[in-house]
């Protein structure tokens, strides 16, 4: 740490930088202003395109631990933490124009599968899963995953040399292979054995754009009604009671809003990526009970292409409801000319770290899509299409003043 401070002084890295003006055209600001009750960004958003490019290319001006990891160390105000976690290393990187992104480094090679004996709550977090989840979410027209892009970071120049956090500085070391490595500083699973290393300095990872601060855009963190047991032998009620959805339907807000339909959307998304770790979901408070659910923290997806975890679809199979728009999109992506794997493959080629997913993971998407459509088909056979498919295509026109946006 002392040598690092001397090094920074020699390079004049400790002198305060001149304050930068906030430019209205900055991609970070335009992304935030584009958030509406329909999603995090419009279907055709030039701001998102520019934001992805900026996260990929702009130099970092600071690096720090994320707030939830600081909460674990007692080093921040936990009242501002939506959902503390932090067992896996992630960093907040800042760019010019007040841009900020969550960096998750590569933990697992693309061709590696999660071992069969791993519980979902001790699985690795995968940077390529975050990238692929953003592309899939956009293809499904949900637009509920923050823009995410891959990037190769020089951990020395773009993290160590720009961070002012002495704890972060102290966890950098040179490995026996002469690679620059660092690890998380937290109460558990944060040792040199769990370090990530550059080659020797370059390390690939995902960068996810930050949402507006909680002060500007408050969010709620709500337990998922289909939360899993986070113990080795426990079971939740939904896992043993096939009529569990009847209970959920009687509970506010699932009794009188489209919240349950949004839960089903989220379950479909999680089933496609193989994510079993959706214990909470978040919502912007401004959009009320019918606002969309944010699909955050997708790094535990795409772990096993050879296994389809049918239990993730419990909200769909137990409640037997689905939005018409969602069903139409799924049926379209099952057509040979619009096959989901082909659309994903083409979309992911835009990312700097392509290929983001291996071919078996892409083909697993087609297989899982068929399983979703089969589950919907069983529901329709049992209850009829009028009961199962909720018509959300003909929404009433609302006055301009009622079209809530985060910039008002």
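Glycine is no exception: its Cβ is also placed from the backbone N, Cα and C atoms.
Annotated in TrEMBL:
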| type | residues | note |
| --- | --- | --- |
| BINDING | 104, 208, 209, 210, 211, 282, 297 | ATP binding site |
| DOMAIN | 172-388 | domain 'FAM20 C-terminal' |
| ACT_SITE | 277 | active site |
| BINDING | 297 | Mn(2+) binding site |
Given the binding-site residues 104, 208, 209, 210, 211, tell me which ones have a C-alpha lying within 10 Å of the C-alpha of residue 277 (active site). none
Out of 209, 211, which has the highest number of nearby Cβ atoms, where nearby means within 10 Å of its Cβ, if these are the binding-site residues? 209
Name, in the order they occur in the sequence, the residues of the same chain whose CB lies under 8 A from the CB of residue 208 (ATP binding site) and which sit 6 or more residues away. 101, 102, 104, 130, 134, 146, 147, 148
Residues 104, 208, 209, 210, 211, 282, 297 [recorded ATP binders]: greatest CA to CA distance in Å: 20
With every protein chain in view, what's the tally of Cβ atoms within 10 Å of the Cβ of residue 277 (active site), excluding that atom itself? 19
In this predicted model, the domain 'FAM20 C-terminal' (172-388) has a mean pLDDT of 92
Using Cβ atoms only, which residues of the same chain lie under 8 Å from residue 210 (ATP binding site) while being at least 6 residues apart in sequence? 28, 92, 100, 101, 102, 146
If you count other C-beta atoms within 10 angstroms, which of the binding-site residues 282, 297 is the most crowded? 297
